[in-house]
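Annotated features, as they stand in TrEMBL:
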type     : residues                                                            : note
DOMAIN   : B:33-140                                                            : domain 'HIT'
BINDING  : B:Asn58, B:Gln114, B:Gly120, B:Gln121, B:Ser122, B:Val123, B:His129 : substrate binding site
SITE     : B:Tyr145                                                            : site 'Important for induction of apoptosis'
COMPBIAS : B:162-174                                                           : compositional bias 'Basic and acidic residues'
COMPBIAS : B:184-193                                                           : compositional bias 'Basic and acidic residues'
COMPBIAS : B:201-212                                                           : compositional bias 'Basic and acidic residues'
2 protein chains.
Amino acid sequence: MSAVKGVSAPVYFGSFLVTPQVISPSCGLNRLTHVETNLGPLSKQVFHQTPLSFALVNLKPILPGHVLVSSRRVVPRITDLTPAETSDLFLTVRRVGRMVERVYGAASLNIAVQDGVHAGQSVPHVHAHIIPRKPADLDPIDAVYGMLGGEDGDVGKALRETQTGRHTNSESPKKRTRFPVVDNEARKPRSAEEMQTEAEMLGREMEKEALD
Amino acid sequence: MSAVKGVSAPVYFGSFLVTPQVISPSCGLNRLTHVETNLGPLSKQVFHQTPLSFALVNLKPILPGHVLVSSRRVVPRITDLTPAETSDLFLTVRRVGRMVERVYGAASLNIAVQDGVHAGQSVPHVHAHIIPRKPADLDPIDAVYGMLGGEDGDVGKALRETQTGRHTNSESPKKRTRFPVVDNEARKPRSAEEMQTEAEMLGREMEKEALD
């Protein structure tokens, strides 16, 4: 994870703690135990932090390098962010996008925010999807968007499953869309080790990016 | 159009001039004639400007209130923007999004940037789509994204047709996607008058928004 001066507070994605808790003198072991028991695989997903935003890898990326950038403050809508938080979020999207495009050998990026439940938002916490694109990686080119509405884009479902260990069968017909090339159903959630390895690699790569 | 102090330069969306040219002493009538001949309907699409960004209405909105926010400087990729331009763009997205959500009685927003040609970008100029969403307006909820790849989201095609007066038949199978509810093909481009009326209304509504 990229070190950011002054950034040591726990990070939440919605109601999910996604950084390992710091042991504080006041709660110590209990707090650490809580993290280890319930949040192991999630705690290693965050690969970059700024004072107001953070970036994390996905359990089931739509395409290689599909990551999320979220505000540190847990609010559902962009309009709930302050102007400073909004600027920081999208400056982070810009820098993280540049990094994943480079690292995954891509040539373009899809950037999408489902701003509110009626726009398909599954976790009530502002987050931007960044999806690196290569020539002819999907047919049609916009199939990527339909996949945001499928299981792979349902970050909330993935997080719930990781926390509970149960894979729900919430295949809502309202949320399914078609995408001709990528066999969505056949793909399995990644292992905690695989996600952690990717997050560590992306954290190192972020340190190579210019600050602007 | 919202007045912004110090903002009087012409505005381009890609290679298309989208504000009426100011008659300058050096080129005067020729320049105005050029605008009136080729750019009439487009010149009234812009409803809001900031020093670094602008917002415009669409020829064929995917849903009511579907508008675009673009950088004043014509560059294709978000990474080509300066940090100041990036912040201004997304602060404008936040304010314009809040306005269209209110004006069109929506409850959520889809925000999407096709950042590069391999992500579906049709005009090589950074722009964010803002699409107001209501409960059950589309089935499936993410059909909206597929439509970005269809004719309605192809802002470039719409602009080219408006400029040339010809409706091209560039129905590429690679760019078509399916969307069950809205009959995309049956919808016609809006008239210049309709777009201008909407842009004027939205310009007035923007003035009611808080600056933050």
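Cβ from N, Cα, C; glycine included.
TrEMBL labels come from automatic prediction, so no person has curated them.
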DSSP three-state assignment for B:Tyr145 (site 'Important for induction of apoptosis'): helix
Listed binding-site residues (B:Asn58, B:Ser122, B:Val123, B:His129) that sit near chain A [CB under 8 A]: none
Euclidean distance between Cα atoms of B:Gln121 (substrate binding site) and B:Tyr145 (site 'Important for induction of apoptosis'), Å: 13
Residues B:Asn58, B:Gln114, B:Gly120, B:Gln121, B:Ser122, B:Val123, B:His129 [recorded substrate binders]: greatest CA to CA distance in Å: 17
Tally of residues which DSSP labels helix, strand or coil - the domain 'HIT' (B:33-140): 36 helix, 29 strand, 43 coil
Confidence summary for the domain 'HIT' (B:33-140), mean pLDDT rounded: 89
